[in-house]
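First up is the structure itself, then whatever we jot down about it.
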Amino acid sequence: MNAEELAFRAQEMAERALALALEARAAAVEAVPVIEHGAAAAEPFLLLLTIFLLACFVGYHVVWSVTPALHSPLMGVTNAISSVIVVGAMLATGLGDSWLAQAFGFLAVTLAAVNIFGGFLVTRRMLAMFQRKG
Amino acid sequence: MSHTLSTLAYLVASVLFILALRGLSHPSTSRRGNLMGMVGMGIAILATLATPGMRPGGIALIIAGLAIGGGIGAVIANRIQMTALPQLVAAFHSLVGMAAVFVAAAALLAPQSFGIGVPGAIHRQSLLEMSLGLAIGAVTFSGSVIAFAKLAGRMSGAPILFRGQHMLNAALGVLLLLLVAGFVWSGSPALFLLIAILSFALGFLLIIPIGGADMPVVVSMLNSYSGWAAAGIGFTIGNLLLIVTGALVGASGAILSYIMCKGMNRSILNVLLGGFGAEAGGAAAAGGAAQPARPVKSGSPEDAAYIMRNAGKIIIVPGYGMAVAQAQQVVREMADLLKKEGATVEYAIHPVAGRMPGHMNVLLAEANVPYDEVHELEEINPEFAEADVAYVIGANDVTNPAAKTDKSSAIYGMPILDVERAKTVFFVKRGMSSGYAGVENELFFRDNTMMLFGDAKKVTQQIVQALQK
């Protein structure tokens, strides 16, 4: 393929991308009133369920792109981020007006913190090994 | 911090978590990905600390909890040996499960913190979500504790089976559903406690019949559960970040479980029902007693060194036995010497080698083996035909050619590494015992196989010494 042809192809692709972008913008503008209307009408639960299902799809696609060699670090990272449950634990500790709820919250914060630091740091150690070349 | 602002912070954290997983698509981007995960977590924690209405006493407790837990986690992460990684991950899963149980309890006691009602009058729907988070969290906790004990050798890895086991589990499952229904209807703390206890028992009972070598599936599955537990709590307290992250982790664990099951050609149900290898082992032992012993060729490390010195292409096939013998370092030394002799050396990894997904890759990386020499099954299988030597160390079932031909074999249909196509196969092994599946390996009796009896590390060390001469 010579340079001229390459440039021509690139231009063609750029034009197509532009057209797609314009279409996407138009679609988004149309979608706004629908979403606003829907959000007002639908229960918050349905909204959360929608987010949940979309996140499942995102997770599905992202995880299939993970190289099998890094499946152990993947477990380390997912382990660490699942400790985001610390958010619920912190709210219980900071806002709770029963000492028992606060105590449960405190225990949960502590357990989740072990996991956050442990998970990210052990993953960092694993990944550092994959950087060195023999 | 206003509600909009904190929601925005949670959204940013969600995106950073997705990018953290995305980074793992290649070793070169993985460290940046991990860093993004850390930043995301930092943002989530700061945004939560800035929630309006936080009491100073509560904030002090939170910081104390973060400091204590964080300190413990950091020390563990820096001290743990890479061979102990599978049990560490199992232990970490149990913590997420327990944290979910505690948060559910706190939400029951102080629902107004999360805007889901007042004590004694919590919204029905929130009670349902709460009981799901609680039950999944509790199953994750006790299941992970058993997985940890099996992986760490604190209890036998053999399946624990008893009569009526599956009936009992099914009955407990039905009872659990009834309790959840009762709890949603009444909101009674006593039922909450019963659900917790029953779920702990169920997690325990679900994992004990599963054997040690099926732990990659179990660890992946518990990984998935810990995600679903987080998502359940996210629904309970109406938090977007928990829901998104829980879904990501849940999907990740589910995919890993699927990959592991496919690597063994077994259904997830077959793995979960447990007892694999126990029956087949008995049958093989009975059959083995009736047959006369078949002849095998065995050789010394010096013989192996001589053949390998003259080989052009060598493929090393590591398995769990290499991890047990801590032989990864000396294997790499052997590979270095062979490369100096002009040979090309590559590594072949079966999807279920080791005790967790990617276990062998981490161990080889720890021993400084460059990752571009390490290959997955589909990638390397065509290359065995061109290889002069296949060096099988600590793997067994995954190399058994019977999986391709013998329909009566317990491992029939399992994808295997085609080591028998290499000109010479060295099989490092302590004795003639069967692998986990309880099936005798056909490979031992092939003409091109030479058994190297002994400890994986010692045998490899002797080869290294012979090569240095």
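Any Cβ shown, glycine's included, is placed from N, Cα and C.
Where the annotation comes from TrEMBL, it is an automatic prediction and has not been curated.
What TrEMBL records for this protein:
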- B:6-23: transmembrane segment (TRANSMEM)
- B:7-465: domain 'NADP transhydrogenase beta-like' (DOMAIN)
- B:35-53: transmembrane segment (TRANSMEM)
- B:59-77: transmembrane segment (TRANSMEM)
- B:89-110: transmembrane segment (TRANSMEM)
- B:130-148: transmembrane segment (TRANSMEM)
- B:168-185: transmembrane segment (TRANSMEM)
- B:191-210: transmembrane segment (TRANSMEM)
- B:241-261: transmembrane segment (TRANSMEM)
Arithmetic mean of per-residue pLDDT over the domain 'NADP transhydrogenase beta-like' (B:7-465): 90
Positions on the same chain near the transmembrane segment (B:35-53), where near means CB under 8 A and six or more residues out: 1-2, 5-6, 9-10, 12-17, 19-20, 23, 59, 62, 66, 241
Whether the transmembrane segment (B:130-148) meets the transmembrane segment (B:241-261): three or more C-beta pairs under 8 angstroms: no
Beyond the flanks of the transmembrane segment (B:89-110) by at least 6 residues, Cβ under 8 Å: 116, 119, 122, 126, 130-131, 133-134, 136-145, 147-148, 151, 187, 189, 192, 196, 203, 219, 222-223, 225-226, 229-230, 232-233, 236-237, 356
Spatial neighbours of the transmembrane segment (B:59-77) far in sequence, C-beta under 8 Å, 6+ residues away: 45, 49, 88
Spatial neighbours of the transmembrane segment (B:191-210) far in sequence, C-beta under 8 Å, 6+ residues away: 97, 101, 104-105, 108, 131, 134-147, 150, 159-161, 165, 168-169, 172-173, 175-176, 179-180, 182-183, 217-218, 271-276
